[in-house]
Amino acid sequence: MRIVVLGLGYLGATHAACMAELGHEVLGVEVEQSKREMLAAGEVPFYEPGLPELLSKHIQSGRMSVTGSYQDAADFGDVFFIAVGTPQKKGEYGADLRYVDAALEELVPLLTRDALILGKSTVPVGTSRRLSERADELAKDIDVEIAWNPEFLREGYAVRDTLTPDRLVLGVFPSGNAESVAREIYATALGNGTPLVVTDPPSAELVKTSANAFLATKISFINAMAEVCDAAGADVKAVADAIGYDARIGRKFLNAGLGFGGGCLPKDIRAFMARAGELGAAEALTFLREVDNVNMRRRTRMVELTREICGGSLLGARIAVLGAAFKPESDDVRDSPALNVAGQIQLQGASVTVYDPKAIENSRQLFPTLDYATTALEACEQADAVLVLTEWDEFIKLDPMHVRNVVRRNRIIDGRMCLRGEEWVAAGWDYRT
Ligand code: UDX
């Protein structure tokens, strides 16, 4: 099958390379020139384990190529995946759909034969209906079908999640033939037993937003328990372990700490609330405001704890921040809790040195006034406190005795509850979580 992927960010680049891996001919469309040139040379402009190998393999074999031209795309494809970003609007909760709309407006007038457009981007419920109506207006004597096929990949596991997903979801309008095309595209996964849920487009859109809302709620639930545990002198990890044994609850996504960030969960729950409001169903999602509040309170609490451990003031303190990416195995710093905390601490008068195995370049662009180190130990030199804010393996493996030799004061806050606390305590550290 000849597949076009519109937008080659984290989602689109992974999807395109994986479609090639499944045996399809793939053309990726990327409007940003620098990104396009890297991808066309088989290089990935962000960190995603396993993706560089897959991409370069298929660029070299010729099964995947990259263009900036919608005309090339229209000439090439039978199926078009929309994988462009849907960021949060500036100063508002709603999703900014300008890139989705632009993709449709540019592509459809150029099509000269029937086509299927499959939406992958996370969009507010109702978007595919609106796009379908618009496609009918734009199409010239051809039939353009729209269907929604949401994506559930996690950064850091994007290739695995795309090639062997937990489930495939497809929202189709009646009378379309998207289902048979999708079955052909995903024949490998379906052959391996991956369930396919076929439903209407609004339900498919809602599967994605409600899944992310549930995950965010689960994290904020355990973080709310952490607040109570702190107040009561209880251990939230023990609570999470014990309730997690209940199969109805499950232990995953019950890691208390600095909370969620990244390009998806925070903006998706806000866009979901905004959309529910437009639909007259705001009340149904007021709890998500609290989910967001609990999450943001984690960052404030981390700053307070740092101030406390430094004796009540951050003025003139030297703070080492280990971790900048919103989670390990990623270089993504969009809405990163770690960088947010680093920035707040700096505003309170501390000098902050950040180290991250993969996200320094991206952090520097977003927070140019912070200092950056090239190793964890370098960041910790002469520090009054060390904060572990992203649970990279490298930090979990740090030797407390080694770190002690370089800091000014042996105080550490484990913002992700990822270290073996007893080892740090045994090595003489004031260890807090
Ligand atoms: C998420 C969804 O998991 C994925 O299905 C969807 O397609 C996109 O959004 P991603 O943003 O890559 O994926 O990251 P995820 O692994 O879900 O983590 C999100 C955030 O939650 C991270 O900041 C992580 O540190 C935090 N988190 C996760 C916790 O604080 N506690 C947990 O127990 C789990």
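Just so it is clear, glycine is given a Cβ too, placed from its N, Cα and C backbone atoms.
Annotations in TrEMBL come from automatic prediction, not curation.
Source: prediction; values computed, not measured.
Mapped onto three states, the DSSP output places E155 (NAD(+) binding site) in coil. Take the CB of E155 (NAD(+) binding site) and look out to 10 A: across all protein chains shown you find 25 other CB atoms. Summarising the annotation, TrEMBL assigns NAD(+) binding site to K35, T86, T122, E155, K267, R334.
Marked as substrate binding site by TrEMBL: F152, L153, R154, E155, K208, F253, L254, N255, A256, G257, G261, K327. The Cβ of R154 (substrate binding site) lies under 8 Å from the Cβ of D161, each of these being in the same chain and 6 or more residues away along the sequence.
Taking a C-beta cut-off of under 8 Å and a sequence gap of six or more, C264 (active site, nucleophile) has these contacts in its own chain: T122, N212. The active site, nucleophile annotation in TrEMBL covers C264.
Per TrEMBL, domain 'UDP-glucose/GDP-mannose dehydrogenase C-terminal' is recorded for 320-421.
Rounded to a whole value, the Cα-Cα separation of T86 (NAD(+) binding site) and K208 (substrate binding site) is 13 Å. Reduced to three states, the DSSP call for K267 (NAD(+) binding site) is helix. Taking Cβ-Cβ distances under 8 Å and a sequence separation of 6 or more, the neighbours of A256 (substrate binding site) in its chain are I222, N223, M225, A226, V236, K237, A240, M417.
Sequence-distant contacts (6 or more apart, same chain, Cβ under 8 Å) of L254 (substrate binding site) comprise K218, I219, F221, I222, A240, I243, G244.
Note on the domain 'UDP-glucose/GDP-mannose dehydrogenase C-terminal' (320-421): mean pLDDT across this stretch is 98. F152 (substrate binding site) and K35 (NAD(+) binding site) are 23 Å apart (CA-CA, integer value).
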